[in-house]
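S.K.: Quick one: structure below, then a few questions.
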Amino acid sequence: MTDGDYDYLIKLLALGDSGVGKTTFLYRYTDNKFNPKFITTVGIDFREKRVAYNTQGPNGPTGKAFKVHLQLWDTAGQERFRSLTTAFFRDAMGFLLMFDLTSQQSFLNVRNWMSQLQANAYCENPDIVLIGNKADLPDQREVNERQARDLAEKYSIPYFETSAATGQNVEKAVETLLDLIMKRMEQCVEKTHIPDTVNGSSSGKLDGEKSAEKKCAC
């Protein structure tokens, strides 16, 4: 896909305490590589990836495919950057809420992140995936799977245990979030009769996307 050659621009925001592995997770997803030497994110950064999304009907794929440009925003987990992070909440259409399986404190802080997310996101029930990262370190694990799944069930969101080091469930977690977002947008399109693809110039596409996003964000 060339620049501007896409049907939808989707912005995802990675949230969680500093050190849970947000940067390495996103790097694994976009580049399929692992770099354990990333320094702590200062402020906010983002990565990009183009993907093809195939719509799913009750009996499987419908054959309709969309070209999606993903912007994956990587936020700083430190308290001093919290106000900067929350400023990006309203622009994001989905959230990767992450904790470190080897840190009980990062798991306990998920509730704080969820409170901030619910207070600042584009709608009351945004699309979220809960991620327990660093699944490749079982000997250092402090959070058991049942704990995490119970929390995910409380918030009615999917849960994945991932590893940026091995790639375990990284793509699956992002694809699940994208699927939730696209289905929400499809429902909004059906209700408002907005064309589900916008042809013409790239600026026309963005106008169409913003219109769909605004109507879906309620």
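Just so you know, glycine gets a Cβ as well, placed from its N, Cα and C.
Annotations for this protein, taken from Swiss-Prot, read as follows:
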type: MOD_RES; residues: THR2; note: N-acetylthreonine
type: BINDING; residues: 16-24, 74-78, 133-136, 163-165; note: GTP binding site
type: DISULFID; residues: CYS123-CYS188; note: disulfide bond
type: REGION; residues: 193-218; note: region 'Disordered'
type: COMPBIAS; residues: 206-218; note: compositional bias 'Basic and acidic residues'
type: LIPID; residues: CYS216; note: S-geranylgeranyl cysteine
type: MOD_RES; residues: CYS218; note: cysteine methyl ester
type: LIPID; residues: CYS218; note: S-geranylgeranyl cysteine
S.K.: Cβ neighbours within 10 Å, counted over all protein chains: which one of the binding-site residues LYS22, LYS134 has the most?
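M.R.: Neighbour-count leader: LYS22.
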S.K.: Least buried of the binding-site residues GLY16, GLY19, going by other Cβ atoms within 10 Å?
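M.R.: GLY19, out of the binding-site residues GLY16, GLY19, has the fewest neighbouring Cβ atoms within 10 Å.
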S.K.: With DSSP assignments reduced to helix, strand and coil, which class does LYS22 (GTP binding site) get?
M.R.: helix
S.K.: With the cut-off set at 10 Å between Cβ atoms, which of these disulfide-bonded residues ends up with the most neighbours? Options: CYS123, CYS188.
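M.R.: The residue with the densest Cβ neighbourhood is CYS188.
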S.K.: Provide the number of Cβ atoms within 10 Å of the Cβ of ASP74 (GTP binding site), excluding the reference atom itself.
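M.R.: The answer is 22.
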S.K.: Helix, strand or coil: which one is ASP74 (GTP binding site) in, per DSSP?
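M.R.: The three-state answer is strand.
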